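Peer 1: Found this in Swiss-Prot, in case it helps:
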- GLY42, HIS43, SER44, GLY45, CYS46, GLY47, LYS48, SER49: ATP binding site (BINDING)
- 5-239: domain 'ABC transporter' (DOMAIN)
- 255-278: region 'Linker' (REGION)
- 279-670: region 'NrtA-like' (REGION)
Amino acid sequence: MMPFIEIDHVDRIFPLPDGGRYIALKNIELKISQGEFISLIGHSGCGKSTLLNMISGLDKPTFGGVIMEGKEITEPGPERMVVFQNYSLLPWLTVRQNIALAVNRVLRDLPKPEQEKIIDDNIALVGLQRAAHKRPGELSGGMKQRVAIARALSTRPKVLLLDEPFGALDALTRGNLQERLMEIVQESGVTCIMVTHDVDEALLLSDRVVMLTTGPEAHIGQILEVPIPRPRHRLEVVNHPSYYALRGEMVYFLNQQKRAKKVGAVSQFAEAMGGNGLEKINLDLGFIPLTDCAPLVVAKEKGFFQKHGLEQVNLVKEPSWQAIADGIRERRLDGAQMVAGMPLALTLGMGGKTPLPMVTAMVMSRNGNAITLSKKFAEAGVKTLEDLRLKLAETPDQVSTLGMVHPASMQNLLLRYWLASGSIDPDQDINLMRLPPPQMVSNLEAGNIDGFCVGEPWNSYAVKQNLGYVIATDLDIWNGHPEKVLGMREEWVNKYPATHLALVKALLEACEYCDDRRHRQEILDYLALPQYVGTSTEYISPGFLTEYDQGNDAEAEMLLDFNQFYVKQSNYPSRSEGLWILTQLARWGYIDFPKNWVEIIERVRRPDLFGEACRHLGWPDLEGDHHNVSLFDGMVFTPNDPLGYIKRFTIHRDIQVTEILIDQIDQVNQ
């Protein structure tokens with residue numbers, strides 16, 4: 001069903017006198033139903049009024065668009081009426097004449113008696129019959145605002161836009177007008193969008209509260225559903241069981257934004273450096289020998305690092321993901337290709353470690369994994385997840401062991417998700433063993449494990465050695481999931497902003513190169529070199545270039561999305577996807593779920609830096625969706641209720657919620 005109003009990936013950028021630009025709003029996406037009351041809240045300067053102006057047609061988006069009833073809004077119109085904080089009444093006209101001005105202009109085709117009736121009805125609607133012949137100078141502030149509301153409603157609009165309508169009024173008048181507005185909206189069924197700083201006002205009036213982050217590049221940080229039934233009365237709202245929890249969540253969000261550390265100066269500094277004027281040109285970047293290390297290899301071998309001024313990039317081949325994490329902690333590595341959850345895990349101090357604030361400005365690859373089982377399961381007829389559950393249930397005293405590469409890896413999280421969706425508890429019904437990717441096949445052959453979830457080429461290696469078969473690829477579980485990301489210490493990014501920007505640009509171009517299939521054979525030859533993956537192209541090729549053989553009865557087939565580096569906005573560091581990872585780490589007890597999850601996700605996942613790199617390359621500023629995530633079992637993840645999502649699972653560990661004060665962590669590390 002088409003939404004009544006859709007704000008479709010809107011950016012608003014203002015030019016600056018020095019030739020620069022200020023990105024006020026970034027990637028605003030919101031769908032509004034007819035008759036809904038939406039409040040926009042956030043700190044001053046977050047773009048609330050700018051967004052309202054674009055809905056009204058008084059301003060236009062730089063990118064994206066605002067759609068109402070299937071038509072793009074390009075100019076003001078009488079179906080969208082605005083009520084401003086400053087009333088905007090003509091001082092020489094009476095109450096009646098101010099309202100008549102709107103009616104006579106918009107509804108001029110109606111007979112005069114009908115126009116007069118509309119004017120009278122709206123004066124009565126706001127209770128100003130006795131003041132109808134007074135001028136604005138004779139009215140109180142509250143009465144003036146009632147005139148403004150009556151004038152807006154008199155044109156029979158479909159949408160009422162309120163820009164802090166009660167901000168200048170005393171508390172008693174404000175309260176009375178809020179009650180009256182609720183009654184008017186209830187009677188008229190008009191759709192309302194209101195800008196406010198007052199959290200109590202937002203809760204009283206709204207169906208949903210849209211909370212904007214602090215600018216620049218403000219975006220929707222959280223959307224709060226207000227499940228308080230209508231019609232509402234102030235006392236009943238305050239006494240509702242959810243009122244103080246909702247109010248606390250809004251206040252907490254605003255406090256998070258107040259203390260959030262903003263790094264908007266990065267782009268200006270980077271531009272000022274010019275040319276190859278980077279702060280640091282010699283970098284040590286860690287990687288693991290897997291097929292999807294291709295972007296790093298291509299950036300090195302094809303000269304993308306040098307093109308962007310990074311003259312001395314050393315790719316450090318590490319034995320395990322733990323070694324990558326240790327290298328970052330010890331500052332032996334400047335950065336690394338990381339499993340998708342590692343920047344969050346390091347930031348939160350997963351595993352009892354000292355928290356280390358991290359940044360990821362791009363996803364380097366998507367997909368590329370599979371779940372491989374020992375051939376003994378194939379011989380027992382295990383072809384599906386349900387077959388596996390039944391087989392494991394036959395021998396409850398013999399617990400099978402599966403290998404995974406790192407707790408914060410998508411291999412671990414997707415393997416756990418897959419098992420749990422089949423009623424197999426990954427902590428009770430099976431044993432998960434942490435192993436480096438290159439050691440999976442040898443441990444399978446030795447009988448130390450009964451299967452594993454890992455990236456290529458190790459699944460194909462097991463298949464070709466007739467040691468195992470693939471029961472599922474990650475395309476079967478979550479096609480398009482983030483797999484590897486660029487991980488950097490936050491303090492490093494702040495210290496070397498121009499260098500970080502150059503690194504992201506080089507890797508973006510390398511990712512684009514990787515997803516041109518005409519280059520895949522060349523890249524395959526690079527990957528096979530000893531300093532990189534160091535194994536035969538026979539094992540690296542499946543899924544990357546040639547058909548993927550799962551080692552079962554099925555024919556080998558081309559899986560064009562199996563290794564995804566650039567297409568379909570692959571590189572965008574989606575905050576929704578980062579939040580999904582956070583829920584899974586908490587679901588399995590690896591971390592306490594951070595109470596200030598909005599702040600954590602905003603600090604770690606950095607689409608602003610990604611967008612800056614795209615703009616420097618002359619590319620469109622790609623934007624991901626503030627979207628729901630749905631895996632193969634149909635369970636929908638909604639970013640606005642992460643805790644509720646975890647609790648909907650039948651199998652999960654006890655969930656603890658803790659506040660992580662990231663700025664204090666940063667000071668300790670420095």
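Each Cβ is built from the backbone N, Cα and C atoms, and glycine gets one as well.
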Peer 1: Can you check which residues sit near LYS48 (ATP binding site), meaning Cβ under 8 Å from its Cβ, same chain, 6 or more apart in sequence, and list them in order?
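Peer 2: Counting only residues 6 or more apart in sequence, the Cβ neighbours of LYS48 (ATP binding site) under 8 Å are LEU40, ILE41, GLY42, VAL195, LEU212.
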Peer 1: Other than GLY42, HIS43, SER44, GLY45, CYS46, GLY47, LYS48, SER49 themselves, what residues in this chain have Cβ atoms within 8 Å of the centroid of the ATP site's Cβ atoms?
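Peer 2: Neighbours within 8 Å of the Cβ centroid, excluding GLY42, HIS43, SER44, GLY45, CYS46, GLY47, LYS48, SER49: LEU212, THR214, GLY215, ALA218.
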Peer 1: Taking the Cβ of each of the binding-site residues and counting other Cβ atoms inside 10 Å, which one has the highest number: GLY42, GLY45, GLY47?
Peer 2: GLY47
Peer 1: Please identify which of SER44, SER49 has the densest Cβ environment, defined as other Cβ atoms within 10 Å, among these binding-site residues.
Peer 2: SER49
Peer 1: To see if you understand the setup: which same-chain residues, six or more apart in sequence, place their Cβ under 8 Å from that of CYS46 (ATP binding site)?
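Peer 2: The list for CYS46 (ATP binding site) reads LEU212, THR213, THR214, GLY215, ALA218, GLN257, given in order along the sequence.
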Peer 1: State the mean pLDDT for the region 'NrtA-like' (279-670).
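Peer 2: When the pLDDT values over the region 'NrtA-like' (279-670) are averaged, the result is 94.
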Peer 1: Just counting, how many other CB atoms are there within 10 A of the CB of HIS43 (ATP binding site)?
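Peer 2: By my count, 16.
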Peer 1: How would DSSP class LYS48 (ATP binding site) in three states?
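Peer 2: DSSP assigns LYS48 (ATP binding site) to helix.
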